[in-house]
């Protein structure tokens with residue numbers, strides 16, 4: 001009985017003594033995430049959103065403890081934002097209207113032999129630290145750079161931070177902080193004959209004029225390959241054989257915004273509504289749940305140190321295999 005009381009506390013606190021506890025919690029949250037507001041009105045409206053999110057998190061975690069969900073949520077630095085605002089300000093996948101796959105760029109998996117049961121490129125030293133795109137729709141640039149970094153390590157043995165800002169400023173087919181697409185980025189690096197390192201061309205989180213300098217060049221690209229649409233088995237092969245792969249997902253749900261640990265699976269995730277680009281750096285299984293290991297670009301304070309485990313072989317959950325691609329180096 002005591003166990004149930006503990007479980008119900010977070011939900012009950014809203015009903016029993018909301019104000020004092022919430023006041024303290026709110027002040028602590030603001031301090032932790034260095035939040036400042038322009039006016040009292042602004043702060044009140046943000047606090048209402050934060051309270052709604054906190055309640056959502058508490059109820060979800062209560063359900064998770066009763067076995068309803070395979071993942072848990074936690075309050076984070078996005079606490080005073082609605083899920084619509086997160087999509088608007090912190091995603092940025094823009095698929096070209098004319099996008100059609102050609103046989104020239106289609107990845108044809110080598111089905112010989114078995115793919116390993118699990119792969120984690122973080123352990124192999126293929127993955128740079130988690131970055132934060134800020135309030136710029138540049139997810140596509142971070143996803144592209146992550147895939148290029150993996151191939152650079154594979155080819156040269158060197159792990160190096162490449163420049164998403166180079167892509168934000170210089171890929172004319174994309175729209176900078178207004179959004180873009182990964183294969184456009186790979187094509188730019190190919191035509192440009194290179195991409196600068198992060199040190200040579202640091203990230204500023206807004207679109208500026210193109211300042212690419214060949215002296216800062218750290219990697220090249222010979223083109224790209226696209227995974228057959230919606231084919232998770234082909235995506236698994238690509239991750240196992242090639243390295244980290246750029247993928248697009250639906251990141252529009254509140255459950256994604258506050259993901260903390262476990263294997264993320266939300267039936268409301270829409271595989272036809274892809275809005276965010278991330279990086280698949282491996283796959284595996286946790287407590288019987290197959291998953292993809294996904295690197296996000298919302299900083300280390302988001303998710304599990306910047307990562308999320310997303311359901312694998314669950315009918316292409318969140319559309320993870322719909323727009324997957326990787327660069328050739």
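Using the three backbone atoms N, Cα and C, a Cβ is placed for every residue, glycine included.
When 103, 161 are looked up in Swiss-Prot, the one carrying the note N-linked glycosylation site is 103; the rest have no such note there, which does not rule it out for them. It is 136 that, of the disulfide-bonded residues 136, 210, has its Cβ surrounded by the most other Cβ atoms within 10 Å. Residue 103 (N-linked glycosylation site) is surrounded by 6 other CB atoms, counting those within 10 A of its CB over all protein chains shown.
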